[in-house]
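**Q** Attaching a single structure in structure tokens format; questions to follow.
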Amino acid sequence: MRLAWEPLYSVFISMIVLFKQGCDASVLLDDTSSFTGEKSAGPNANSLRGFDVIDRIKSKVESICPNTVSCADILAVAARDSVVALGGPSWSVPLGRRDSTTASLSSANSDLPGPSSDVSGLANAFSSKGFTLREVVALSGSHSIGQATCRFFRNRIYNENNIDSSFKASLQANCPRSGGDFNLSPLDTTTPNTFDNVYYKNLQNQKGLFHSDQVLFDDGSTKAQVNSYVTNPLSFRTDFANAMVKMGNLSPLTGSSGQIRKICGRVN
């Protein structure tokens, strides 16, 4: 089951990455002679996957309705539908986005908060895009699904104390102190194939995979919200869906801006 759903995980996670610049499908562009794309950025390389899924969807859409549906809209809808398919909430996806004609490796490297971020770092990164701390905690629930490479959680499992001992041992078995940088672990090791609120229960039990996950429970400014999502899963689903709608409205290209790419990996 894990391998079957992996493209859906990746499509969804790519929606989260787009918050750095807005929903313009820049992350889908391959490198060109004039710019280096975002696929090789630190947060994305060997992490984001499922680009072939978007390519197949785009090809089928183009054959039926050419030059009409953008890659950005396809990505936004696929993100929503992936969450729904895995048991999560649905939300309305406004359509009409257009695609960017360039990408920014430097922005991809600098704007997305990393797995070692503390709460203040997360808050600052998201507030620059207009998100509240409550929305940060809700969007962190995206880690209910997906996988991470060893390089992103190695420091936590070998150098931090706020981690369950058995959980730590199981991760160390697959993520040695050196080597195995791209070995994978589910972001939620309890229910990795279901979009639910167990991610927050894991934090209560010191089983957050990233430092940036576990601090949400350890920090007094966000702990109460983590606890509320455990006791009231409907609240999490509602907050998450609303935050995704907000994310989907981050500076989209519309009207005559950008273009509708025929192939998502390259400019027309």
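The backbone N, Cα and C atoms fix where each Cβ goes, and this holds for glycine too.
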**Q** Looking only at C150, C264, which is named in TrEMBL as the disulfide mate of C175?
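**A** That record, TrEMBL, gives the partner as C150.
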**Q** Run through the Cβ atoms and count how many others sit within 10 Å of the one on H143 (heme b binding site).
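**A** Step by step: centre on the Cβ of H143 (heme b binding site), count other Cβ atoms within 10 Å, giving 24.
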**Q** Fewest other CB within 10 angstroms, which one of the binding-site residues D24, E38?
**A** D24
**Q** Looking at the disulfide-bonded residues C71, C150, C175, C264, which sits with the largest number of other Cβ atoms within 10 Å of its Cβ?
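**A** That would be C71, with the most Cβ atoms nearby.
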